[in-house]
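Down below is the structure, laid out as structure tokens.
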Ligand code: LLP
């Protein structure tokens, strides 16, 4: 079993670049991504035939381009994510398919796009099979199956079982085969994703479930996908997953299917968090330090509009202080860390259910920086413009220590783009 990770709560640089320089050049709040770490995580998974990046975790074009250049293919869950993949240089079709559209529905735009561009579809509902078959008979599809169980780091990220809307229920496979046959669609593969931030024990149960369904479908199957869900260590005590052991389980499943079918079966993995979480840091400035009864608050210029994981799931992120005076030693105190938003839940140190907690952190003052770490997955992509806050800037640090602004901070003009005030009619001046 792999080791745990140590964090330091006083930090002066990220990938060799001083945090004070980053803050001065790009302002705050800003997401910083260390590209070398993404490359390392990709290399961890090289045993799988195909690594397919679940871009919902972080779909910045620079991240997509980076993973593409390292041979990683991509998953898309919307027309917008297909567009991003194309903008980052992925071609629409090929073998294996460079882009796979995985969802439980098609909106009209995504259906038009996959039909027109020949993008592979992984169907998560019988209705998708029917709608795709009508428009593109004769093509290959894969099926996302809900095996009847699931597990995630939070109930909100559990994507299996009958409480989940995801995938095709495992006992409806026969009906789906008939539906596909009616439209001449060939079921070329199977996919299961039981949840995000799960553990090896639950992930391992998927192999057997997928194997059973694959044997029911038979020899048209040439691809199996283990889905995503690999956890990332957020706490010092979190264990990292034994990737070699996980691969062995899937490879054994694949080999049994190959023996049963008499032809090769390609094994895919579809990680989001695992590839990018550790690479990301959200750098914010402390703008107020205030006491409320027995609690001391550090209030940042970043809030849940930038990183929603704590308010949504009670998620824990490591934090560190970058002192503006470069101090290398500071006493610690218990603090509550919050953001600027006009909402009580705008607290980064909360646990599930919105319980406000505290964290031991170096004593800090206004003008110091606070770094929220392991924020590369589901950070920026889940951001919003709540309270009319612009989306943060994003910066990538390359393996040579060069910084690249890969998304500029939104401007006020960006915030109001597309809005208009109706012309006032002289006869009915009030709307
Ligand atoms: N494949 C499918 C079909 C998925 O639905 C997901 C995640 C993934 C792959 C990638 O899962 P990962 O390897 O990242 O665990 N916002 C939540 C996570 C939601 C995940 C949604 N689907 C969070 O911040 O924890």
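The backbone N, Cα and C atoms fix where each Cβ goes, glycine too.
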Among 229, 314, 338, 418, find me the residue TrEMBL lists at the same pyridoxal 5'-phosphate site as 270, 271, 272, 273, 378. 229
Long-range Cβ environment of residue 342 (active site, proton donor), under 8 Å and at least 6 residues apart: 387
Which one is it: of the binding-site residues 229, 270, 272, 378, whose Cα lies the shortest distance from the Cα of residue 313 (substrate binding site)? 378
Minimum Cα separation from residue 272 (pyridoxal 5'-phosphate binding site), reported as the residue among recorded positions 56, 309, 343 that achieves it: 56
Contacting recorded positions, sequence order - 272, 342, 343, 378 vs ligand 1, Cβ under 6 Å: 272, 378
Roughly how many Å lie between the Cα atoms of residue 229 (pyridoxal 5'-phosphate binding site) and residue 56 (N6-(pyridoxal phosphate)lysine), rounded to a whole value? 13
